[in-house]
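In TrEMBL this protein carries:
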| type | residues | note |
| --- | --- | --- |
| REGION | 20-44 | region 'Disordered' |
| DOMAIN | 66-165 | domain 'PIN' |
Amino acid sequence: MGKQKTKKFAAMKRMINLKDHRIKEKDRAKAKEKKKKDPSELKEREVPKYPSCLFFQYNTQLGPPYHILVDTNFINFSIKAKLDIVQSMMDCLYAKCIPYITDCVMAEIEKLGMKYRVALRIAKDPRFERLPCTHKGTYADDCLVQRVTQHKCYILATVDRDLKRRVRKIPGVPIMYISNHRYNIERMPDDYGAPRF
């Protein structure tokens with residue numbers, strides 16, 4: 001009885017380097033020539049365009065009526081806390097609020113199934129404005145972050161920690177969240193609602 005040879009898994013054939021001296025000179029990979037930088041040449045760098053609506057961190061586009069982008073979990077937690085979404089938003093901001101729901105958020109609620117049918121009925125409320133999505137896929141977090149970066153007129157309503165962390169990096173976007181059975185707002189200057197002279 002001879003010994004059985006065990007088969008090696010993921011064994012690869014050894015490849016010769018393209019710069020190896022054993023390869024013919026015409027087939028060899030050529031070494032990259034380094035260009036000497038001219039010290040007197042102007043340095044170009046790409047700087048992200050800053051939106052004109054921001055005065056440092058102060059967002060001039062925010063003002064009543066407030067446009068509030070609502071996330072899936074915000075609706076679910078509002079139901080758990082027994083809060084009327086539109087009324088509680090108005091109690092928080094002391095002004096008219098228009099909640100907005102994107103197609104992604106709507107699709108996310110529909111995917112949750114029968115357990116969250118109350119959330120779906122609330123999302124289909126005529127007081128909620130619908131925002132159509134043009135991108136592929138239904139990942140709501142990316143969609144909301146993209147919208148908030150493009151248009152600085154929104155307040156983002158969410159309870160999701162990861163989403164909050166992502167939105168905090170974007171200047172001039174306030175975040176609405178739920179704590180102690182009421183809505184609170186984060187990063188909202190006091191004088192947004194004050195009349196400007």
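Backbone N, Cα and C atoms are what each Cβ position is placed from, and that goes for glycine too.
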> With DSSP helix as H/G/I and strand as E/B, how many residues of the domain 'PIN' (66-165) fall in helix, strand and coil?
Replying inline: 53 helix, 18 strand, 29 coil
>> Just to be sure I understand, if DSSP states are collapsed into helix, strand and coil, how many residues of the region 'Disordered' (20-44) fall in each?
In response: 0 helix, 0 strand, 25 coil
